[in-house]
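**Q** The structure follows.
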Amino acid sequence: MDIIICKDEQEVGKAAAALIAPFATKGGTLGLATGSSPLSTYQELIRMYEAGEVSFKNCKAFLLDEYVGLTRDDENSYFKTIRKEFTDHIDIVDEEVYSPDGANPDPYEAAAEYEAKIAAESVDVQILGIGGNGHIAFNEPSSSLSGLTKVQALHPKTVEDNARFFNTIEEVPTHALTQGLGTLSRAQNIVLVATGEGKADAIRGTVEGPVTASCPGSILQMHNNATIIVDEAAASKLENADHYRLMEQLKLR
């Protein structure tokens, strides 16, 4: 696991984009996350695309998750969100951006179908954020560390947190389709980004805590090619922060 500590959110985005861009140029398969954490990364990748530094025209992309009951064109679907925040601004083919089928009346069937589709591909680089409690995608604490794509009932706090995107809290879906931690772990490379003091406990658990379902992010300690990129605030509770900075400086380029 590589730990990169950056000055601020913008620098986090630049560092993450620099790792991801070579895979895009090669026409790789990307794993995309939504939420606030990867926004600076997407903004930097868009800037690089507009500057002619990278192309996504031969890429495929898989989203982490989707609300059960929402169509892809629903304004609150994650597929719609990733289009607004990223894929509509680059040259990736829209039909090559895949997400779980939240509109399938049988969500368990949708989960199995999405798992099979991902298994048929090899995700070259997976972009991840992390929740304040260490959750990745909708894999909350106590999720199986080897779990596959599944239907996940949303924690009441998650419903409350996401209510700001809907007209009323009653409109927030109560379930989501999400890649499991076992699914995510099959990605060839993982880049997790986190910023802000609110993520400091989760980053400490992910990097320096035991590998445990109590902190889903800790599964990345078992991955051969995981990179954690954080700002100073998110790194503020790491006991070995100075060591990580030194290791990054001494890395052979």
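Glycine is treated like the rest: Cβ placed from N, Cα and C.
For D65, H135, the entry in Swiss-Prot reads active site, proton acceptor, with the evidence type sequence analysis. Summarising the annotation, Swiss-Prot assigns active site, for ring-opening step to N133, E140.
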**Q** Rank the active-site residues D65, E140 by how many other Cβ atoms lie within 10 Å of each Cβ and give me the one with the fewest.
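**A** It is E140 that, of the active-site residues D65, E140, has the fewest other Cβ atoms within 10 Å.
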**Q** In Å, rounded, how far does the Cα of H135 (active site, proton acceptor) sit from the Cα of D65 (active site, proton acceptor)?
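**A** Between the alpha carbons of H135 (active site, proton acceptor) and D65 (active site, proton acceptor) there are 13 Å.
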**Q** Measuring Cα to Cα, tell me the gap between E140 (active site, for ring-opening step) and N133 (active site, for ring-opening step) in whole angstrom.
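**A** Given the Cα positions, E140 (active site, for ring-opening step) is 8 Å from N133 (active site, for ring-opening step).
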**Q** How many whole Å apart are the CA atoms of D65 (active site, proton acceptor) and N133 (active site, for ring-opening step)?
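**A** Per the Cα atoms, D65 (active site, proton acceptor) and N133 (active site, for ring-opening step) stand 18 Å apart.
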**Q** Need the DSSP three-state call for D65 (active site, proton acceptor) to compare against my parser.
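**A** Once the DSSP labels are grouped into three classes, D65 (active site, proton acceptor) ends up as strand.
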**Q** Using a 10 Å cut-off, grab the number of neighbouring Cβ atoms around the Cβ of N133 (active site, for ring-opening step), all chains included.
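**A** Around N133 (active site, for ring-opening step), other Cβ atoms within 10 Å: 17.
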